[in-house]
Structure formats: C-alpha cells, structure tokens
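Participant: Pulled from TrEMBL, these are the listed features:
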type     : residues  : note
DISULFID : C70-C80   : disulfide bond
DISULFID : C168-C178 : disulfide bond
DOMAIN   : 1-99      : domain 'SRCR'
DOMAIN   : 104-199   : domain 'SRCR'
Amino acid sequence: LRLAGGRSRCEGRVELEEQGIWGTVCDDGWDIPDADVVCRQLRCGHAVRAPGNAAFGRGHGPIHRDELGCRGHERHLWECPAAPQHDCSHKEDAGVVCSEHQEWRLAGGRDGCAGRVEVFFRGSWSTVCDSSWYRLESAVLCRSLGCGSPLRQLSFGHTLPGKMLYECGSLQPSLAFCQWTFNKSAPCHQSRAVGVVCNGMGS
C-alpha cells in the first residue's frame, strides 16, 4: 500500500499492489473509515479528508477495489469487504489526507516565497521555532516550495496554537524528512517564530 501524487508520504492517491501489479481504488463508497485504515496502515495517523474524483491525479493499471466497506478498525485495507467487480475509470481514483501529512506556506510576505513559516499538521496551522532553524532548514523549505534558495531569515511572534521544531542533517526533499518535534515546550522556550525570504518568485 502507498500514497502517490501528494506533497508528503501521508497524502495522495491510494495505490495497492496485488500479484506484483500496482493499481488504484475506486471512490464509490469511499469515506473516512476507509481512509482511516489506509492512514493507520501507513503509520500516518488518522484520516483528515477522503477526497475522490482523482484529486491527486489519475493513476494507472488495474482498479483493485470498488465499493470498499471498511468499518475503520481493520489493520489492512485488503481485510475490508469490497465489490468483486468494478465499473470505474481512473477519473474516480480515491485519495486520502492523513493527520501526519505536513504542508508549508510562507505567510504575510509580498508573495508565496517570503514571510512567516507556517506548517499545516494534524488539522491546523502552526508556527515554527527558530531555535534550531539555520540556512539548511531555509534551503530545504525554499526548494520544496519551488522558491529557489534562501536570501535571509526573519523573526516573528508565535500567534498560532501549535509550535513545530525542525532539524535537517542534509538537504532533504522536504521538511517532513528532517527530524521534527511538535508542541514540545523545552526546545521552543524563548524561541521566536521563524520567517524566510527566498530568492524565487511565488504566485
């Protein structure tokens, strides 16, 4: 089981492998209990949304499941009852957004490539502590947002409920691949909310 086409490994189009062939799941009857099983199986928390209509792009290969009827407690998606045949096309591919999915934005700047760093995690937006935030973390963020490389670091107050802390050992594809902690008070004590100006142009 895997998620494809999302911005992290905990969001995307649901794909499963059977007899060596990857395929998709039809969105007929697709709902939060079905998505919950996917999120838990992938260690991505619980389902926040269960979008259909190929929200993460159309998949390829066979459509392995239709009319899934998970109750939500199953350990694996293939334990859930499903229709033996399907009448679907890939424009009905099912997707999921799990609670452990993270996405980022730069807020309050002149465009999407400058501003305060905010992270969407477990259903709400949070700020990011500057205590372990250096040029490497800025570089990971700017690149993952399609904003080039960092020009400078800014400092703001924390005005959102949550606080996230990142430490990247190398230039990762996104901050989700770095070490992170959420709402741990000690490392964020007396921290400011970090902001970044990247050298690219945002929309």
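Every residue, even glycine, has its Cβ placed from backbone N, Cα and C.
Not measured: the values here are computed from a predicted model.
Have a look at these and tell me how they're positioned relative to everything else.
Facilitator: Counting every protein chain shown, the number of other Cβ atoms lying within 10 Å of the Cβ of C70 (disulfide bond) is 22.
Long-range C-beta contacts of C178 (disulfide bond), restricted to its own chain and to partners at least six residues apart, with a cutoff below 8 Å, comprise E137, V140, Y166, E167, C168, G169, Q172.
The average per-residue pLDDT of the prediction over the domain 'SRCR' (1-99) is 95, rounded to a whole number.
When the domain 'SRCR' (104-199) is classified with DSSP, helix, strand and coil residues number 17 helix, 42 strand, 37 coil.
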Participant: Excluding near sequence neighbours, so keeping only residues 6 or more apart in the same chain, what lies with its CB under 8 A of C80 (disulfide bond)?
Facilitator: D34, V37, L68, G69, C70, R71, E74
Participant: Have a look around C168 (disulfide bond) and count the other CB atoms within 10 A of its CB, chains all included.
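Facilitator: Taking every protein chain into account, the count is 21.
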